[in-house]
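Asks: Straight from TrEMBL, here's the annotation block:
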| type | residues | note |
| --- | --- | --- |
| DOMAIN | A:66-277 | domain 'ABC transmembrane type-1' |
| TRANSMEM | A:12-36 | transmembrane segment |
| TRANSMEM | A:70-90 | transmembrane segment |
| TRANSMEM | A:96-116 | transmembrane segment |
| TRANSMEM | A:128-145 | transmembrane segment |
| TRANSMEM | A:151-175 | transmembrane segment |
| TRANSMEM | A:208-225 | transmembrane segment |
| TRANSMEM | A:259-281 | transmembrane segment |
Amino acid sequence: MDKTFNNRAWFLVLPVLVIVAFSAVIPLMTVVNYSVQDTFGNNQFFWAGTDWFTDILTSARFHDALIRNLIFSGIILAIEIPLGILVALAMPKKGVWVSVCLVLMALPLLIPWNVVGTIWQVFARTDIGLLGATVAGLGIDYNYVQDPLDAWITVVVMDVWHWTSLVALLCYAGLVSIPDAYYQAAKIDGASRLAVFRYIQLPKMGRVLLIAVLLRFMDSFMIYTEPFVVTGGGPGNSTTFLSIDLVKMAVGQFDLGPAAAMSLIYFLIILLLSWVFYTVMTNVGADKAPRTGGEA
Amino acid sequence: MSEATFDHTGSRAAPDARQAEHDRLPASGRSASAMRARERARNPRFKAKALIPILYILFLLLPIYWLVNMSFKTNQEILSGFSLIPAEPTLRNYQVIFGDPSWYMGYVNSIIYVVLNMVISVSVALPAAYAFSRYRFLGDKHLFFWLLTNRMAPPAVFALPFFQLYSAFGLIDTHIAVALAHCLFNVPLAVWILEGFMSGVPKEIDETAYIDGYSFPKFFFKIFMPLIASGIGVAAFFCFMFSWVELLIARTLTVTEAKPIAAIMTRTVSASGLDWGVLAAAGALTIVPGAIVIWFVRNYIAKGFALGRV
């Protein structure tokens, strides 16, 4: 669509600007302020320069949390993306069952995040939880409170439970936009099921899949509430991801300087990822316009 | 198969069926459905395929079922035995919640700030989304990107500064504080979703209205908003949802008066850690609002999560 150039459009954007400035820019400036100062209490601050940043960037604690978080995001993507595609492919295309599937699948997405944590905390307990008791009943030594590996498995399965539907729903939206004629052509060509997937469905899902990957990566990169409720970051520090570590530092220990510096580093990583996301998103919009135009 | 269908496909498709399919001059609806019926008859995997969504949905429902199951049990039964359905179903847990203001006010608080946030987000996002979808202006792309970074910002980064900012304004423990804080991610979300819907409305409609002498506000409220009504609904739903599920910021900004139900639940876990039945009932009740509204937006869920871009 050709847009007219008109700077008065700024007036329409102004309310958003004011509100987001109040809830984003001012807090962020506070963070910047803390990140370059140190205090001995009593609200007396003095200049600390880039000390906190060097501290954080060289601290083993930050590295560990970052690596843990990257591994977590990697595992999450490796499970949720293929599973989501599989479910989307197997979903019915027409009829009442579509609505039933959509609604039931979306259910976990709408549960408050700490309730998700509570559900799994209870579900995985060996004494009163269905999952925990079943696993223990099979003779497997399972205890997510004490064993780091079990804690990881629990957190990963919980995230798969919580967010795979997002991938499935996005892929499904991509799949139903493929016109029937493509499948008919493939049938006439005698294409195998695999070829249909590889040459028709996968390319058509490509864009939504990219969005799904980016969304899942970012959200798992800033996960806080669910693992915090289930494991509290433990046992030890084994499930302490970046956000959990940050809140521990800022609110728990009240180390404002290091916490602020860590916030900014964290935010810069997110900013970089957002830029990738933005490029993808705007290209999706750009590609879509001529395509729908051609169909009309 | 009827003769008409036969003629239709026969006359055109026989020499170069592939070409015809590629042009997407469709085989008539009847022959397409016939084709599918034949495929179903021939394809024995059809049943096996249905197993995947069924198993997946079972996997999704099992933990929820366990929570609901627990909410109807007495604490003794929860701790002592192990039963798939409550042996002696009780409503006590729900009575505790609905009989105690410190519990049920949590739901009221949550709903107040969620609705406040929804109204603020959608009403400021509407004009902005219109500007982004219709005009180019100085810095528009940067601004759009900056909004997105706020949607992607980790709430953990903002928890402490929010607390200090709202303390300075004396807004701690008020509903409006949480509503404003949630604007951080919901306003960008609403702008992106609405922009996606608005870009689907042809610009000629605007131009025709202006030529017909409509002023901008009159055009916007009388003509444009009804056209994107579904978009407004979807944006409102997603604001509702993300404000409803968020806890970290809501908990940081509230003490007692505006405390959300989600935070009241965590307090009970750490303090007593005993009343599993009430905890389960409280959790089960938080699922209800989402489960009710989801039916209305089921076809737009993917679009909303992808920020209006599917």
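Yeah, the Cβs are placed from backbone N, Cα and C, and that goes for glycine too.
TrEMBL does not curate its annotations; it predicts them automatically.
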Asks: With Cβ-Cβ distances below 8 Å as the criterion, list the same-chain residues six or more beyond the ends of the transmembrane segment (A:12-36) that contact it, or say none.
Replies: 47-50, 52-53, 256-257, 259-261, 263-264, 267
Asks: Could you tell me whether the transmembrane segment (A:208-225) and the transmembrane segment (A:70-90) are in contact, taking contact to mean 3+ Cβ pairs under 8 Å with a sequence separation of 6 or more?
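Replies: Touching, yes - the transmembrane segment (A:70-90) and the transmembrane segment (A:208-225) meet the threshold of 3 or more Cβ pairs under 8 Å.
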Asks: Can you name the far-off residues of the same chain, 6+ from the ends of the transmembrane segment (A:151-175), with a Cβ under 8 Å from a Cβ of it?
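Replies: Cβ under 8 Å, 6 or more out: 72, 75-76, 79-81, 83-85, 87-89, 91, 93, 102, 105-109, 111, 116-117, 120, 124, 144-145, 201, 204-209, 211-212, 215-216, 219-220, 223, 226-227, 230-231, 234-235, 238-239.
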Asks: Six or more residues out from either end of the transmembrane segment (A:259-281), which same-chain residues have a Cβ under 8 Å from its Cβ atoms?
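Replies: Apart from its flanks, the transmembrane segment (A:259-281) reaches 28, 31-35, 52-53, 55-57, 62, 207, 210-211, 214-215, 217-218, 221-222, 242, 245-246, 249-250.
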